[in-house]
Each structure stands twice: as C-alpha cells, then as structure tokens.
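Per Swiss-Prot, the features are as follows:
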type	residues	note
BINDING	10, 11, 12, 36, 37, 58, 59, 60, 63, 64, 65, 66, 67, 144	4-CDP-2-C-methyl-D-erythritol 2-phosphate binding site
BINDING	10, 12, 44	divalent metal cation binding site
SITE	36	site 'Transition state stabilizer'
SITE	135	site 'Transition state stabilizer'
C-alpha cells in the first residue's frame, strides 16, 4: 500500500459586501472573504491537501484565479472535481482533518454543516472528516479580524 499525506493552507481577507462561506456553509456576518471564487478558505485548504498528497500540484494549477471560468466559482464544485482527479490518479481518500482560524464570527454552530458538506463532496463517511475552529487569541492580522485562515491534512492510499 502507498500511503500519502497532504497538507493544505489558505487565507483570505475579510471585506464588506461579500457573503461569508466556509466549508460550503453561508455564515451570517457583516463581512465575507475576498477572492476570485467564493473564497471558501476551508475548502481551498482541503483541496490543496488532496492535490498535494497525490503530487498533483495545488489548487492554483488546476483552478487558476486568473481564469474567468472560475470567477465566482462554488468551491464545493472545485472540491468535487479535485476528488475526482485524485481518484483518477488511483488514490482513495481516507480522511481529512482541518482547522479554521478566525477571531470572529464564532464557527462552532456551523461545524456540523461544514463536516456534512465535505463528507458528501468527498464521498466519505462523516466520521472521516473533522473540522476544528480556533481563534488567534487577538494576535496579528487574524486576531484583528482582518482575515480568516484554514489548514488541512489529508490521507490518501493507493
């Protein structure tokens, strides 16, 4: 068996006038994440972890932020396409563990929905998908509420 571990990271700036979408869940908040697509920081980190584990590059290689085709793209669609490409390369996704770092809003009420979306998009049982939420203890740009960051790890097997 060939086991592969991938690590993913993403960060986006919080700005007025955009919806806040994390893990495919629209979260009520006065600001949203700035980006070419829907800027779903969590799904972007997971997508990078999956592509990385399969040695298929990163999200930008597959879904460029300079390509008009991905303007406003739903990151759940991108995650499903990523999973299809990883599977086409001969891998099976085993699990995903992730962390979202945001000073605000509180994400705990939305974690179950995020996990359900990710599990559905990757074709995994819910118990193989984890999402954690942390603050940055008011330190740095995250602590000031200027942005939201996500980190993810994924295990693949061939």
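Each residue, glycine too, has its Cβ placed from N, Cα and C.
Given the structure is predicted, the values throughout are model-derived calculations rather than measurements.
Everything Swiss-Prot records as a feature, shown here on the structure.
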| residue | record | contacts (Cβ under 8 Å, 6+ apart) |
| --- | --- | --- |
| 10 | 4-CDP-2-C-methyl-D-erythritol 2-phosphate binding site | 41, 42, 44, 45, 48, 59, 149, 150 |
| 12 | 4-CDP-2-C-methyl-D-erythritol 2-phosphate binding site | 33, 34, 35, 39, 41, 147, 148 |
| 36 | site 'Transition state stabilizer' | 65, 66, 70, 71, 72, 73 |
| 37 | 4-CDP-2-C-methyl-D-erythritol 2-phosphate binding site | 63, 65, 70, 71, 72, 73, 74, 75, 78 |
| 67 | 4-CDP-2-C-methyl-D-erythritol 2-phosphate binding site | none |
| 135 | site 'Transition state stabilizer' | 101, 102, 103, 142, 143 |
> Which of 44, 59, 63, 65 (the binding-site residues) has the most other Cβ atoms within 10 Å?
Replying inline: 44
> DSSP three-state call for residue 67 (4-CDP-2-C-methyl-D-erythritol 2-phosphate binding site): helix, strand or coil?
Replying inline: coil
> So, in DSSP terms, is residue 37 (4-CDP-2-C-methyl-D-erythritol 2-phosphate binding site) helix, strand, or coil?
Replying inline: coil
